[in-house]
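K.L.:
Per TrEMBL, the features are:
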DOMAIN    16-220  domain 'Cytochrome b561'
TRANSMEM  15-34  transmembrane segment
TRANSMEM  55-75  transmembrane segment
TRANSMEM  87-106  transmembrane segment
TRANSMEM  118-145  transmembrane segment
TRANSMEM  157-179  transmembrane segment
TRANSMEM  199-220  transmembrane segment
Amino acid sequence: MAAAGLGVKAAPFTYAAHALAAAAAALVLVWCVHFRGGLALEAQNKNLIFNVHPVLMLIGYIILGSEAIMIYKVFPKLNHDTAKLTHLILHAIATVLGAFGIYCAFKFHNDSGIANLYSLHSWLGIGTISLYGIQWVFGFVTFFFPSAALSVRRSALPWHALFGLFVYVLALATAELGFLEKLTFLETGGLDKYGAEAFLVNFTALVVVLFGASVVIAAVTPAHVEAPQGYESIPVN
């Protein structure tokens, strides 16, 4: 792996990712609670129902999913079975929260008389959560229970990691489209294009890009510079 050859290790990128995750979570909460009025599952103001969507998709889906991806690099000395179980559980929670976040978007649309699934953001969102679920089921069956033969696990591991990063990047792209779409709707409705809220939304989206980049780099760099390249250092038993 080129990063290993350059003497780069994952730790600095995991630190950056956690700092950026905290910033992104705080920013999306400030946006949805302070600027957009709060969160609710039932309300006369249907916008409060929608506000649950970006909060869950960013904090529950992308950030928790990122923690699952980085678990092997954040705790390189953690018992492998414990790390694998944590990886599995965090991804499961992220999938459930992501699915519920999508449900909130549908509920907002249905309660407000707005059509569903008309935008690229919504198409990619449904596709991404579906691929995320498929990836989780494949990982569970292949690496956890009933668990495939050792040779199959060794062959499947790099593909599992590669496809997982692909789905993750797709989730990041979908989130960016979501920020753009919502801000465009708000500005069309009269929101000041150079006001504090518009600046906050754009800055949050930028932080999410930097956060995602840190996670991806952490995922593809070794926990230790001297670690072997590829996936040989990750046991599959």
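Using the three backbone atoms N, Cα and C, a Cβ is placed for every residue, glycine included.
What's the neighbourhood like for these features in this structure?
P.N.:
If you look at the transmembrane segment (118-145), the same-chain residues 6 or more away from its ends with a CB under 8 A from one of its CBs are 61, 65, 84-85, 88, 91-92, 94-95, 98-99, 102, 105, 152-153, 156-157, 160, 163-164, 167, 170-171, 173-174, 177-178, 180-181, 236.
Here the transmembrane segment (199-220) has Cβ contacts under 8 Å with residues 1, 3, 10, 13-14, 16-17, 20-21, 23-24, 27-28, 30-31, 35, 58, 62-63, 66, 69-70, 73, 161, 165, 168-169, 172, 175-176, 179-180, 182-183 of the same chain, all six or more residues outside its ends.
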K.L.:
Please identify the stretch among 15-34, 55-75, 157-179 with the greatest number of Cβ pairs below 8 Å relative to the transmembrane segment (87-106).
P.N.:
55-75
K.L.:
How about long-range neighbours of the transmembrane segment (157-179): same chain, 6 or more residues beyond its ends, C-beta under 8 Å?
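P.N.:
For the transmembrane segment (157-179), the nonlocal Cβ contacts are 54, 57-58, 61-62, 65-66, 69, 119-121, 124-125, 127-128, 131-132, 135, 138-139, 142-143, 201-202, 204-205, 208-209, 212, 215-216, 219-220, 230-231, 234, 236.
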K.L.:
Could you tell me the mean pLDDT over the domain 'Cytochrome b561' (16-220), as a whole number?
P.N.:
97
